[in-house]
Each structure stands twice: as C-alpha cells, then as structure tokens.
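Student: Handing you this structure, nothing more for now.
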Amino acid sequence: MTQAQTAATVQPDAIPVAAPVSQRWRVADVVALFELPFNDLLFRAQQVHREHFDANAVQLSTLLSIKTGGCEEDCGYCSQSSHHDTGLKAEKLMDVDAVLDAARAAKANGASRFCMGAAWRNPKERHMPALTEMVRGVKELGLETCMTLGMLEDEQAQELASAGLDYYNHNLDTSPEFYGQVISTRTYQDRLDTLDRVRDAGINVCCGGIIGMGESRRERAGLISQLANLNPYPDSVPINNLVAIEGTPLEGTAPLDPFEFVRTIAVARITMPKAVVRLSAGREQLDDGLQAMCFLAGANSMFYGDQLLTTSNPQSQKDRALFERLGIRSSDADAMSANA
C-alpha cells in the first residue's frame, strides 16, 4: 500500500482531539498533530473550534506602540532593539491624551480590544502612573485593555491589575531549544516568571510566539507544547509570522511555507481549545485564501489596523471586505468567551 493510500484510510474521527486534563502535551504528541494530512488536521481543528466558539465570529484588536525603539534587549527579529541598525528612531513614552485619542479611533474602526506596547526590557517605576492612567482611560471608553511592556515585578503587575488591566502580553517567542539562537539578553525562565506574576495578580495572560525564524517543525511543536502546558494555558495566543526586517540578524531568513503557518494555527487550536487564537504580525504575507484557511483552522481574533508596532498590517477596508466575502462578523470581547 502506498503512503497516499495509507493516509486515505485514516478516519478523522480516529485523530486525538486533545490531551486528557491530567496529561501534558509532549513534544512528540504535538509533532504528530503537525504531521497529520492537512485536510484531517483542519477538519479536527474546526471541530474543536466549534465545540467552544462561534466559528463565524472574529474578535478585532488594535495595537499601538506607546513607546517605540531603543530597547535594551537583543531579540534577533526586532527592529526596536538598540543592538540592531534598522533606522528606527527611538521615541519617548506617548502622552496619555494621545494614547486615548488613538483608542477612540480604534473603537470607531470596530476594535473591541486596545493593546499598548512599549519597547522596554521592563518598565521603570516613573512610568507606572502614566501606564495605569492609560489603562483606566481606555477602559472608560468601553474597550478591553492589553499591555506588553517587557518583564514585570510583582508590585508592577499588582498596580496594573488595580488599574483594571484585562490582559498582559508576554510571549515565549519560540521553543526552549531554539530560544538561544534568537535572544541572549533575557532567559526563557525570565519570561515564565513574568507570566506567573501576571497570573498571580489576576490579569489574563496573552502569550504566544513567532514562527518562521529558521526553527524546525519539531521546534515549532516545542513552542506549542510549552504554551499548552502552562497551568493554565494562555487565555489568548497570538501567532506571529516572522517579518524579516532589514538590519536585524534574521533579515535574510527564508519565508515559512504558508501551509505550515496554517498548520500551526490548527495545532494551537487543538492543544488549547478554549484559548483565543490570534493572527498577529506577518498577516500581510498571507493572501485572502490563506487567511480564510487560518479562520477554518481555528483563528478567532486578529490585529486590525494599518500598523502593528513597527510592521505593516493589511488595511482595515481590506479586512472588512474579506469578512463580508467569508460571512464572518466581528465580535466584541465579551462574546468571545469560550463555551464550557
């Protein structure tokens, strides 16, 4: 029997849906999901998605860079690192009023979550009053709030929680095995420690990674395994497709096979069935057909607007047109809660 004939005999119902509650996702288990026939993988991911979410609703988030450039970290993918010559000019923290103006515009454009990102290793104490004021102001507009500011101390996480921050983003970026090839100034454990502080403060965790940085499929599976085995797994999982920026160490990295990106979305959905899975940076590299496949694979959120920190993003009008063609509607944050 040929390999194709063997694959054809596999029934989708025989494919494991998810690990039992008591079982951790081993890397080998996640690799096995990646290696399923493409149609079977998407079929199973869509089944899992429909068990927990409205399959035709996508939550829209807008991301604003509130402090751009000059970061002390040496992340090999990032244009904002002071270690790389990308021509990006470092800027100071934005004024609160300017941030709130941007939030109003995002809400008028259909976003239900407003994310604020600062290029820091960690925020300083002098920044905290402005940051907490931003959180309170954005919440008063009726938007969900999210911040990504680097590593946090316990007290800082508590301050943000007291201000009403809904989500804190701190990505693992990649697998532990590949991590050292991308970053040297922050350890993997540093990232895990910040996630613990955020969770202990009562803030929802937003945590994902970047694929297409030259890692192997097994290393992609290692990232998903790490995320799925967090206790609990993240409420929100952004999946970024590398944007190879000139002047960064990864500028010459070969593009990832787009079907591998779709596979990653599907595997994230299966292993983290109640998480919101978000299409993030690099979405402009996907044509409409591939984005539709991502929604079929279980993506149910995306960053919306013309710029994602310092990388471009598909125009809002184009996104609306795609939603109309697919019969997808935007959903507010409350409606995106997973079904029991």
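Here, residue 1 is simply the first one shown, and the rest follow in order.
The backbone N, Cα and C atoms fix where each Cβ goes, and this holds for glycine too.
Checked Swiss-Prot, it gives:
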DOMAIN    56-283  domain 'Radical SAM core'
BINDING   Cys71, Cys75, Cys78  [4Fe-4S] cluster binding site
BINDING   Cys115, Cys146, Cys206, Arg278  [2Fe-2S] cluster binding site
Student: So what's the mean pLDDT when you look at the domain 'Radical SAM core' (56-283)?
Tutor: 92
Student: Within the same chain, and leaving aside Cys115, Cys146, Cys206, Arg278, name every residue whose CB is within 8 angstroms of the centroid of the CB atoms belonging to the recorded [2Fe-2S] cluster site, in sequence order.
Tutor: Ser61, Leu63, Arg113, Thr148, Tyr167, Asn169, Ser236, Pro238
Student: Helix, strand or coil for Cys75 ([4Fe-4S] cluster binding site)? Use DSSP.
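Tutor: Going by the DSSP assignment, Cys75 ([4Fe-4S] cluster binding site) belongs to neither helix nor strand, so it counts as coil.
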Student: Compute the C-alpha separation of Cys206 ([2Fe-2S] cluster binding site) from Cys75 ([4Fe-4S] cluster binding site), stating it in Å without decimals.
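Tutor: Between the Cα atoms of Cys206 ([2Fe-2S] cluster binding site) and Cys75 ([4Fe-4S] cluster binding site), the distance comes to 19 Å.
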Student: Just counting, how many other CB atoms are there within 10 A of the CB of Cys146 ([2Fe-2S] cluster binding site)?
Tutor: 24
